[in-house]
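Copied over from TrEMBL, here are the features:
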type	residues	note
TRANSMEM	A:12-32	transmembrane segment
DOMAIN	A:98-311	domain 'ABC transmembrane type-1'
TRANSMEM	A:102-125	transmembrane segment
TRANSMEM	A:145-165	transmembrane segment
TRANSMEM	A:193-212	transmembrane segment
TRANSMEM	A:250-273	transmembrane segment
TRANSMEM	A:293-311	transmembrane segment
Amino acid sequence: MSFRRFLIKRTAIAALLTLIAVSIIFATLRMLPADPFSGLVASGALTPEQVAEVRAMYGLDEPIYVQYVKYIQNLFTFNFGVSLTQQRPVSEIITPALLNTLVLLLPALVVTAIISSLAGMYAGWNRGSWFEQSSIVATTVFRSVPNFVTGIFLLIIFSYGLGWLPAFGMRSPLANPSGYLDTYLSWNFLKHYTLPFTVTVLYYSGDFLMLARNSVVERMGSEFLMLHRAKGLSEMEQLGRAGRNSLLPLVTYFALRTGMLFQGVVTLEVVFAWPGIGRALVQAILNQDYPTVQAAVFIMAVAVIVMNLVADVAYAKLDPTVDAGDV
Amino acid sequence: MSLLEVNNLKITYQTAEEDVHAVNDVSFSIGEQDNYGLVGESGCGKSTIAKTILGLLDDNGEVEAGSVRFKDRDLVDLSEKEWQDVRWEEIAYIPQSAMDSLDPVMTVGSQIRQAIRKHRDDSKSKADERVAEVFEIVGLDPARTSDYPHEFSGGMRQRVTIAMALALDPDLIIADEPTTGLDVIVQDKIINKLLEIQDEVDSSMLLITHDVGVVAETCDEVSVLYGGKVMEQGATYDVFKHPTNPYTMGLQNSFPEVDEFDKQAISIPGSLPELTEEPTGCVFRNRCPFSTEECADGHPPLIANGGQMSACYHHDEAEDMREAATDAETWGIDVAEDRETSGDTGDVILETTDLEKWFKQTQSIMDSFRGAEPDYVKAVNGVDLTVREGEILGVAGESGCGKSTLGEVIAALQPRTGGDIQIDGTSVDDLLAESTKKFRSQVQFIFQDPFDSLNPRQRVKDAVAEPLKIQGHDKETIDRRVRETISDVGLNPPEKYLDRRPAQLSGGERQRVAIAQALVLEPKLLICDEPASMLDVSLKANILNILREMADKRDIGIVYISHDLASLTQIANRLAVMYLGEVIEIGKTREVVRNSKHPYAASLLAASPKTDPSIDRQRVLLPGEPPNPVNLPEGCNFAPRCPKASEECRKADPDRSAFKDGNHEAACYLPVEDVEDELLSSYARQERPEIQSGEEETIEQLGEEA
Ligand SMILES: Nc1ncnc2c1ncn2[C@@H]1O[C@H](COP(=O)(O)OP(=O)(O)O)[C@@H](O)[C@H]1O
Ligand code: SF4
Ligand code: SF4
Ligand SMILES: [Mg+2]
């Protein structure tokens with residue numbers, strides 16, 4: 001099968017999965033016993049007539065399947081509607097929050113993927129060395145402790161203890177930047193950025209390190225490395241080949257990990273009061289703000305599915321023995 | 001002056017328990033443009049020596065003493081940096097398992113280019129030119145340099161590693177078992193290629209192998225190794241024409257010729273010595289049938305004896321020993337008197353009619369949507385066979401011809417897709433429907449690998465008792481039959497083995513336990529898939545003898561599947577040769593071997609190397625590789641490669657009875673009358689063939705088949 005056909009097939013599957021995911025969100029939210037407006041009636045703030053009017057405005061009085069079709073249409077055109085509680089378009093709430101989250105997590109993930117993988121390869125190549133042992137112990141600790149615990153720990157040391165770094169938010173309350181450049185490329189931002197970034201890097205380091213180390217160890221006794229050595233390749237060149245042969249699981253894992261990027265984002269953002277999508281989601285749930293919840297969950301689901309697709313494609317491209325048809 | 005001189009080399013490996021003295025005082029030298037052979041069974045230290053010459057000894061290995069002088073420079077003390085310059089530039093290496101030796105994520109061309117550019121400041125395009133050149137030398141299509149290793153078949157991958165070794169015109173090429181694991185016809189082509197290259201380039205070659213035939217046909221000089229010691233050394237012709245050392249004799253005689261029916265294959269009793277200390281007596285003495293008290297006085301020195309050198313205290317009796325060594329009884333093997341069990345086989349126990357096993361190929365969803373007819377791999381394609389009680393039917397063929405699938409389908413380990421199988425007159429389906437247990441007690445299967453088929457935690461007695469327990473026998477019967485069977489497979493006295501675990505058994509003993517496991521239920525039919533191929537040659541004969549004895553004594557019918565023709569002809573009453581899922585020739589073993597009718601069967605039988613150095617054999621240069629088992633050619637399947645093919649052959653597929661003489665049948669319109677004239681002479685003309693077109697498609701298909 002040609003690579004294009006493979007790609008079309010995979011994309012179609014991904015689209016289907018997304019549809020299923022958002023349908024589940026829809027169903028779950030509609031099955032909740034109450035909507036935000038019933039609360040308003042109960043508290044006497046609005047008369048039932050007024051509520052009916054508002055519900056009509058949001059389309060909540062239409063038959064459920066019409067709501068569903070509209071909902072799907074809207075989501076897939078990235079039209080998330082208006083927030084029920086904040087009276088402004090959901091995209092205005094979500095977009096900056098998403099951006100804040102990505103600015104934090106993506107660089108952290110890339111950095112940890114590269115550094116930890118290289119360290120892992122080196123550790124695997126020098127099996128039994130002091131470096132191998134200590135790097136495994138250290139990264140396993142970071143992996144098994146929840147990220148908010150590491151976060152709090154770092155906060156205690158560097159913010160409350162040493163006072164080197166701010167403990168809270170993305171910039172100091174007085175700063176009032178205009179535009180993205182101004183927001184993200186400032187000294188002030190960097191100081192706020194350091195701790196949550198470090199926590200994320202540490203948290204994911206163990207996975208990449210172990211994966212890289214194991215793949216290299218697995219290849220170390222292999223015949224083809226022996227032949228490379230017999231050809232006269234230096235130690236580092238041999239490690240390079242072992243590394244290249246270990247790339248496949250690493251890249252696949254990176255893509256999957258990126259898809260699950262939002263896992264754990266809530267606690268991280270709450271601990272550091274980072275105005276990201278995790279915090280936005282928490283707030284929207286508390287306020288029963290459907291459209292915002294839907295949008296946030298939709299974005300997270302799409303991320304998982306898209307990154308799975310990327311993982312598949314990367315796999316097929318990287319491993320010459322994977323015939324695209326088999327995937 | 002010689003190129004390489006190995007002097008008094010001693011190498012030990014440190015392990016957790018004890019040191020292993022893998023190489024003890026080995027010396028030899030290789031002249032310029034020489035082919036030198038190191039031969040011996042596994043564990044004799046061949047690879048250890050090769051790795052030392054390349055500076056690739058495992059980390060726990062250490063050169064204790066001796067020197068390796070290469071062009072007047074001692075290699076043993078080179079630093080890693082100095083080694084990097086010697087490797088490949090001066091000494092190149094052809095590894096054993098070309099399957100695993102190429103980097104799977106690098107194109108074959110760039111792997112060779114990497115070797116060139118590591119040592120020369122060549123531009124990329126200049127290096128590529130050289131890559132294309134060496135590709136052509138080894139008979140590969142230069143257009144395929146940008147393919148990945150998995151796109152090549154085993155034989156072609158081995159050509160790639162040979163091309164790689166040639167890239168820098170090294171002075172010495174070390175080839176460690178370069179043809180082990182390849183089919184005989186492929187092996188013959190590779191050997192031919194190696195020798196052809198030898199003529200053209202001026203490298204010397206150190207060839208390492210366990211196969212006496214391969215050394216005898218390729219090397220000028222040879223050292224026979226055993227237990228880390230040189231047992232015999234000299235010109236190949238002398239060493240194998242008139243061996244003077246008992247080990248050489250034993251090793252050579254355990255490679256029977258394909259057509260030597262009257263000679264019983266021998267095997268060397270016992271197992272390798274523990275190498276945990278330097279030998280205090282002759283290393284071979286616990287297995288040597290000629291050993292005397294004197295032999296315990298230290299390992300005998302290597303002294304001149306005729307043209308060659310031999311390490312044996314009794315070298316003056318060489319002639320008598322040579323005579324005695326051809327007799328299996330000398331080696332403690334009971335010779336079954338009546339080995340020609342021609343007439344007295346019993347009733348038909350297995351009959352297959354038009355048996356088919358087709359594997360559906362994976363299809364794109366688009367095609368399956370459209371309802372397109374999928375492609376099938378016709379692994380077994382219309383096979384008719386019968387096996388009688390007390391008869392051994394040999395099934396021969398190259399890898400991928402469908403012989404293992406055939407065995408598994410007969411044993412109902414895989415469902416068939418067509419045709420019928422009858423065991424003792426009853427259809428397999430009925431037997432299975434009645435009771436799977438009963439079927440399993442009648443039909444047993446022995447696998448290739450004795451290491452995988454036994455549970456490492458189970459004691460021998462439990463392993464052998466297990467099938468009886470499943471069948472629900474009482475404890476007393478179980479005990480009695482376990483003892484009997486263990487003794488029957490030659491593990492005597494049984495008490496010695498009952499409580500052992502697989503790790504405490506040698507390879508040969510493990511395979512015997514596997515056989516006991518299969519025999520304990522007293523099956524009527526036994527199917528063996530390469531039961532001896534993982535064993536060292538010197539142990540094979542024992543396994544064959546046990547199976548032969550079981551067929552005779554217990555009247556079991558046996559299907560013996562193997563690519564090793566010599567063991568097949570030793571053991572089988574009748575022989576079936578398979579090609580692309582079909583039996584293309586079948587008949588009494590002698591008939592099929594001495595008077596092959598199908599050009600493929602005749603080629604296969606002519607391709608085994610001879611251990612007698614005085615025989616000048618024409619190599620079988622059968623063009624191409626087995627074609628695509630998916631889209632079989634029109635007409636005779638063998639036509640695209642057959643030297644005799646005519647118009648007629650391409651029109652319709654010949655029936656198996658196209659040639660028929662009594663029970664001897666061959667699927668060929670133009671049966672071979674004279675192998676020499678009709679086939680070998682055409683191969684001789686081919687001597688400088690190459691780049692076979694059509695190889696490409698072939699390989700893709702073979703890949704998918706897996
Ligand atoms: N890395 C190692 N550690 C310990 N023992 C080894 C090692 N490599 C080989 N040996 C032992 O050294 C002996 C010779 O092995 P080898 O040179 O591989 O023999 P061959 O190539 O003839 O089969 C054997 O007894 C083998 O078990
Ligand atoms: S020295 Fe003795 S044990 Fe060794 S090979 Fe000669 S006869 Fe056999
Ligand atoms: S039938 Fe023709 S092509 Fe087939 S094997 Fe016989 S001679 Fe060759
Ligand atoms: Mg070896």
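Cβ from N, Cα, C; glycine included.
All TrEMBL annotations are machine predictions without curation.
Outside the transmembrane segment (A:193-212), and at least 6 residues removed from its termini, the chain residues within Cβ reach (under 8 Å) are 104-105, 107-109, 111-113, 115-121, 123-124, 135-136, 139-140, 142-143, 147, 150-151, 154-155, 158-159, 165, 170, 243, 246, 249-250, 253-254, 257, 264, 268-269, 272, 274.
Counting Cβ pairs under 8 Å that are 6 or more residues apart, the transmembrane segment (A:102-125) and the transmembrane segment (A:293-311) reach fewer than 3 and are not in contact. Nonlocal intrachain contacts for the transmembrane segment (A:12-32), taken as residues 6+ away from its ends with a CB within less than 8 angstroms of a stretch CB, comprise 64, 67-68, 71-72, 75, 288, 290, 293-294, 297-298, 301-302, 305-306, 308-309.
Only residues 6 or more beyond the boundaries of the transmembrane segment (A:293-311), in the same chain, are considered here, and those with a CB under 8 A from a CB of the stretch are 10-11, 14, 17-18, 21-22, 25-26, 29, 71, 75, 80, 90-91, 94, 98, 251-252, 255-256, 258-262, 277, 280-281, 284-285. Listed by sequence, the residues of this chain that lie at least six past the ends of the transmembrane segment (A:250-273) yet keep a Cβ under 8 A from its Cβ atoms are 101, 105-106, 109, 113, 117, 146-148, 151-152, 155, 167-169, 195-196, 199-200, 203-204, 207-208, 211-212, 215, 279, 281-282, 300, 303-308, 310-311, 314-315, 318.
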